[in-house]
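Trainee: So TrEMBL has the following annotated:
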- Arg90, Leu128, Glu175: substrate binding site (BINDING)
Amino acid sequence: MPSKDSDHRNGPIIPPTRWYRSLAAAGLHNPAVHGPARHWLQVEGSFTRALQQQCRYRFHVEVCNEGFAVPTLEEARRLGLAPRQRAWIREVRLCGDSQPWVLARTVIPLACLEGKGRRLRNLGNKPLGAYLFSRPEWLRGPLETGLCQNTDDQQPQLARRSLFHRGNEALMVGEYLLPTLYQR
Ligand SMILES: C=C(O[C@@H]1C=C(C(=O)O)C=C[C@H]1O)C(=O)O
């Protein structure tokens, strides 16, 4: 059942995105990945942490949509899920000093919600990164680079995503950089 946050009218518009295995591969299609956003596309470790370090005053997470929903076909394929299999989907804005800097979309398959993973449904405004990076059983896979399609200059143009693995299970975190983050 969707949480009350899914009533939010101003949820992030996550643009359709083409994903590449590396920054260099994406750069062949859009050299903007080598510009000021490059640093953010390559941050290792917790992205939340890196954003917090850039804030003068305050970092916060705004939950826009959260609940059970059907992932896109591309997401289902990437996670090895059957098409139309529902998952817990969380969409948030990551804000620095009260400005939205990043939109994030996380797809959490049902298997990840079992056992201790139940907590993943109750994060609220606590950043997911704080959860994942404080638990050694979750390991991050390689970062992909995304080129967002059909966006205007207020919307994300560039993105990154990775799978986090716990044994045979995996969830997927996509982070879509808003120009306000890297054009400051
Ligand atoms: C995965 C991380 O978590 C961050 C927090 C998110 C959330 O709270 O939904 C989403 C994407 C991330 O950037 C991270 O910090 O690296």
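Note: Cβ is positioned from N, Cα and C throughout, glycine not excepted.
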Trainee: Roughly how wide, in whole Å, is the group Arg90, Leu128, Glu175 that binds substrate, by largest Cα to Cα distance?
Mentor: 12
Trainee: Provide the number of Cβ atoms within 10 Å of the Cβ of Arg90 (substrate binding site), excluding the reference atom itself.
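Mentor: The answer is 25.
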Trainee: Identify which of the binding-site residues Leu128, Glu175 has its Cβ surrounded by the largest number of other Cβ atoms within 10 Å, counting every protein chain shown.
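Mentor: Answer by Cβ density within 10 Å: Glu175.
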Trainee: Under a three-state reduction of DSSP output, how is Glu175 (substrate binding site) classified: helix, strand, or coil?
Mentor: strand
Trainee: Hey, does DSSP put Leu128 (substrate binding site) in a helix, a strand, or just coil?
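Mentor: The residue in question, Leu128 (substrate binding site), is helix (DSSP, three-state).
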Trainee: Note the Cβ centroid of Arg90, Leu128, Glu175, the recorded substrate site, then list each other residue of that chain whose Cβ lies within 8 Å of it, in sequence.
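Mentor: Not counting the recorded site residues, we get Val92, Ala104, Arg105, Thr106, Pro127, Gly129, Val173, Gly174.
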